[in-house]
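**Q** There's a structure below that I have some questions on.
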């Protein structure tokens, strides 16, 4: 998001005027501008949240493709339109006569509402329609200006404000004239300005949300509504074919201009009638879970922009932490496994399903049964609908929880879906990171499946592996699996101080700052632990969680991490 210095300067102006100027009516106007623009941005975020709640909207999606990183980057500065409106509104504020000042406007004026509706229908709608149609039919203006908006292949609420400066200026005129005109006519009101400014963006987001929210029965019962308000499917046809459906909000002008797409209402009815139908079955499902409360705020249905970049703690999100915590407890009580994201890889539909649990809950003894029930139900659902492979992620395959998934396979021997986990690939990524000249490593989580695989491979390379474990039996079992000539490379240790001279740590069990303090300066921590360890040591380096690069032909992927 790009909202930054303009808001700070605006807020500073409000504070200064209120504190040091006798007539602070213009400062009050600037305060209202700040609030309105903030609400407009919030409207976009709420629509984005709804659009990305696939567990609610997947059956009503118009364009089945996903929004990928390229589109997210293209729409990164979607709020420039709001910033431009704030600047123009501030300029008008300081040039306007006292009659238009906010402190002289009533809270409500019925005549103002009538005047605004008349101005919108007779000025804003036709002006936008004719200019929009002109931008499409004039090759120069489309190529140099409007094509920028259409570079987004999948409509999204953030697409609504993503346009060139010229188009944003036109939108400012289209949206501003009804409000300013009502005030100039002496019938303006505070609620009128707030309501119209916010509703304008609300309807723009509605048209770009890629989810059909209107029932076709509503338009069949009241046919006149078809010409008074557009629908997401109506506007989606404009993005698909670009030669029809040019209206702002009212299809009436497409009817009058003979640019109405004849499939507009049929498409809406088809999507609504297909709500209960089975959609395409994924070939692969990744069964994930939440890591912690802070990372949950980086889900695509919370902040799309944050979800598209690697996770990092953001201090300004801390005020949202209590609310997110309450949501987490609500999910603990009511939520079921849900569709989190999807993408297509070589014509195979891949989905990520989320178990509504967070990392710490997996270590609560009384929570284990509930978690296993969620995992089992997800596996049975995948088997029922015809999924080929379901992969258990991170703690969903915890050995102590369900034996790495063997609990479910043994309980349901006739499963058609293959239940797998990524331990082999994770081990391969970790091993690829270990320097070729390494002579000794310190391994925590040493007797887990991952730890076992890493230890056995490294010992075959002649690397001395200090395996942290209190269980002599489990250590000896792994040691016997190694070739006889390499068994002496596996060494059991029971305390962290045994690794105080080892600079290569492979972390499969969470480390406290005190435990990390035993590592010598210059140590590198390789990790396969969830959640990742805290970067406590400034004189050491920390690797990211094991990951592999996706092929370039992946489509519709816009979520960086789960």
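Backbone N, Cα and C atoms are what each Cβ position is placed from, and that goes for glycine too.
All TrEMBL annotations are machine predictions without curation.
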**Q** If I go by TrEMBL, the feature transmembrane segment sits on one of 52-71, 112-131. Which?
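**A** Going through 52-71, 112-131 one by one, TrEMBL flags 112-131 as transmembrane segment.
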**Q** Looking at 295-314, 315-334, 335-354, which one is transmembrane segment according to TrEMBL?
**A** 315-334
**Q** Tell me which of 81-100, 141-160 corresponds to the transmembrane segment entry in TrEMBL.
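**A** Of 81-100, 141-160, TrEMBL gives transmembrane segment for 81-100.
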**Q** Out of 6-26, 27-47, which range is noted as transmembrane segment by TrEMBL?
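**A** Transmembrane segment, as annotated by TrEMBL, spans 27-47.
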**Q** If I go by TrEMBL, the feature transmembrane segment sits on one of 168-194, 195-221. Which?
**A** 168-194
**Q** List, by number or range, the same-chain residues at least 6 past the transmembrane segment (168-194) whose CB is under 8 A from its CB atoms?
**A** 32, 36, 39, 80-81, 84-85, 88-89, 92, 99-100, 102, 105-109, 111-113, 115-116, 119-120, 123-124, 127-128, 131, 161, 200, 248
